[in-house]
Amino acid sequence: MTTILTCPFKKLPTTSKWALRFAIRPLSCSSQLRAAPAVQTKTKKTLAKPNIRNVVVVDGVRTPFLLSGTSYKDLMPHDLARAALTGLLHRTSVPKEVVDYIIFGTVIQEVKTSNVAREAALGAGFSDKTPAHTVTMACISANQAMTTGVGLIASGQCDVIVAGGVELMSDIPIRHSRKMRKLMLDLNKAKSMGQRLSLISKFRLNFLAPELPAVAEFSTSETMGHSADRLAAAFAVSRLEQDEYALRSHSLAKKAQDEGLLSDVVPFRVPGKDTVTKDNGIRPSSLEQMAKLKPAFIKPYGTVTAANSSFLTDGASAMLIMAEEKALAMGYKPKAYLRDFMYVSQDPKDQLLLGPTYATPKVLEKAGLTMNDIDAFEFHEAFSGQILANFKAMDSDWFAENYMGRKTKVGLPPLEKFNNWGGSLSLGHPFGATGCRLVMAAANRLRKEGGQYGLVAACAAGGQGHAMIVEAYPK
């Protein structure tokens, strides 16, 4: 099949007026920055399945998401994960001994705490009899932690699960070069002074050059930012459109923060420093200021910049999920049901960031829903260009037929229902923790706005993606 990034896009809008085709007013207009009105909808069918246990979210919390290199810079990942767990315990008052299992997602592992879920659980005071494990699936690691928990509960293996995720980008592992590592290991095995001196004689100064963490995809040798730039170009997403969307994200996040809607954030007293109470990456600017920034990846003609990309972020999240009957027996009023979910994978070269486009129709079909049934959309915003490219792909019959094997397009999420309290562009994106934030945002929005169904979706490195249906718990 002709590569997606070289073939001309048939029946896809190719001008900056694509928003008119979608019946979307300019993203920067004030009407788009107001919170959406409560969804006036009749109660729809429930998605409960016969002979399968209902899994509910009791509540979820997260530490404030901070720009890397700021207040969390002297911590370790398990410190943040422990803070999220402690915050969850305080929020829910769940007895530690009733938790059957703890699962956390993370991407960049600290060698000292490779099973960060276990170390954080012990640090937060959970019983040493409570098992814990860590999963990694790039930007959908927390999603995998949650759905693993859903499976354990639905199958009857567990009743109470804590799922979450953590990422600390302020202190990523920087290794010695491979030659230096080999030399040091060989020196450790040497049995005589002669052997040691012989090995030392092989040392060269260039052995000291550090090995920085890879930022490119292993399978393609391309950075995600570079891929986002190519994807935006393939779908004719302009720089202005990307900046407008980023401005929308920051403006809505600031509004939600000021109005106290980001209730999943719990204060965290950083040892030796002040208490952190809110996300610090929310920075509404202006299109004029954003236009001054130079391309970050493809220079000089690229359209992806620091302003329309998510930033390196430190943070952790945690959720208490239970079998419905267990939650009710303990006196809890759950926030939402976790319903159908779907994982997808596609070409990591040309479709790296199109996970939401592929996962959305599959999870809707699995749940027996349509786009019109969804009251709250929460999509991970890696880049503005990624979001807008997914919009165009989802609104294209041609793309659906030629790349997805579908007869009709997926359909476009209504912008008035989309990421109404900001997204990863503004709130931040700690790789391993974002999935829980998305689900809690959907659950909290459904309660606030009066909707019934939420759709969470995210892309991930490796050309993978995830989507999940969240159903509001009856009030």
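A Cβ is built for glycine as well, from the same backbone N, Cα and C atoms used for every other residue.
Summarising the annotation, Swiss-Prot assigns transit peptide to 1-34.
For Lys73 (N6-succinyllysine), applying a Cβ distance below 8 Å and a minimum sequence separation of six or more within one chain yields Ser170, Asp171, Asp314. Here Swiss-Prot flags Lys73 (among others) as N6-succinyllysine, drawing on similarity to another entry.
For the recorded site, Lys73 (N6-succinyllysine), the DSSP three-state label reads coil. The feature N6-acetyllysine is assigned by Swiss-Prot to Lys73 (among others), with similarity to another entry given as support.
Other Cβ atoms within 10 Å of the Cβ of Cys139 (active site, acyl-thioester intermediate) number 32 in total over all chains. Positions annotated as active site, acyl-thioester intermediate by Swiss-Prot, on the basis of similarity to another entry: Cys139.
Residues annotated as intramembrane segment in Swiss-Prot: 174-221.
All protein chains included, Lys189 (N6-acetyllysine) registers 8 other Cβ atoms within 10 Å of its own Cβ. Per Swiss-Prot, the feature N6-acetyllysine maps to Lys189 (among others).
Positions annotated as N6-succinyllysine by Swiss-Prot, on the basis of similarity to another entry: Lys191 (among others). Residues within less than 8 Å, Cβ to Cβ, of Lys191 (N6-succinyllysine) and separated from it by at least 6 positions along the same chain comprise none. DSSP gives Lys191 (N6-succinyllysine) a coil state; it is part of no helix or strand.
Per Swiss-Prot, the feature N6-succinyllysine maps to Lys273 (among others); the stated evidence is similarity to another entry. Sequence-distant neighbours of Lys273 (N6-succinyllysine) (same chain, 6+ apart, CB under 8 A from its CB) are Ser71.
Under the heading N6-succinyllysine, Swiss-Prot lists Lys292 (among others). Taking a C-beta cut-off of under 8 Å and a sequence gap of six or more, Lys292 (N6-succinyllysine) has no contacts in its own chain.
For Lys294 (among others), the entry in Swiss-Prot reads N6-succinyllysine, with the evidence type similarity to another entry. For Lys294 (N6-succinyllysine), applying a Cβ distance below 8 Å and a minimum sequence separation of six or more within one chain yields Pro300, Thr305.
Taken from Swiss-Prot, the feature N6-acetyllysine covers Lys294 (among others). Taken residue by residue with DSSP, Lys294 (N6-succinyllysine) is part of neither helix nor strand, so it is coil.
In the shown protein chains, 9 other C-beta atoms lie within 10 A of the C-beta of Lys299 (N6-acetyllysine). Summarising the annotation, Swiss-Prot assigns N6-acetyllysine to Lys299 (among others) and lists similarity to another entry as the type of evidence.
If you look up Swiss-Prot, you'll see Lys333 (among others) marked as N6-acetyllysine. In the shown protein chains, 12 other C-beta atoms lie within 10 A of the C-beta of Lys333 (N6-acetyllysine).
The N6-acetyllysine annotation in Swiss-Prot covers Lys349 (among others) and is backed by similarity to another entry. Lys349 (N6-acetyllysine) falls outside any helix or strand according to DSSP and counts as coil. Of all the Cβ atoms in the protein chains shown, 17 others lie within 10 Å of the Cβ of Lys349 (N6-acetyllysine).
According to Swiss-Prot, the N6-acetyllysine annotation covers Lys362 (among others), on the basis of similarity to another entry. In the three-state DSSP classification, Lys362 (N6-acetyllysine) falls within a helix. Taking Cβ-Cβ distances under 8 Å and a sequence gap of 6 or more within the same chain, the neighbours of Lys362 (N6-acetyllysine) are Met342, Val344, Ala467.
Taken from Swiss-Prot, the feature site 'Increases nucleophilicity of active site Cys' applies to His429. Other Cβ atoms within 10 Å of the Cβ of His429 (site 'Increases nucleophilicity of active site Cys'), summed over all protein chains shown, number 26. The secondary structure of His429 (site 'Increases nucleophilicity of active site Cys'), as reduced to three states from DSSP, is extended strand.
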Legend entry - Spatial separation of Lys333 (N6-acetyllysine) from Cys139 (active site, acyl-thioester intermediate) - C-alpha basis, Å: 30
Inset, instruction - Could you tally the C-beta atoms, other than its own, that fall within 10 angstroms of the C-beta of Cys459 (active site, proton donor/acceptor)? - result: 33
Inset, instruction - Quick one: pull the CA-CA distance for Lys189 (N6-acetyllysine) versus Lys333 (N6-acetyllysine), whole Å only. - result: 59
Legend entry - Inter-residue C-alpha distance, His429 (site 'Increases nucleophilicity of active site Cys') and Cys459 (active site, proton donor/acceptor) (nearest angstrom): 12
Legend entry - Cα distance (Å, whole number) from Cys459 (active site, proton donor/acceptor) to Lys349 (N6-acetyllysine): 13
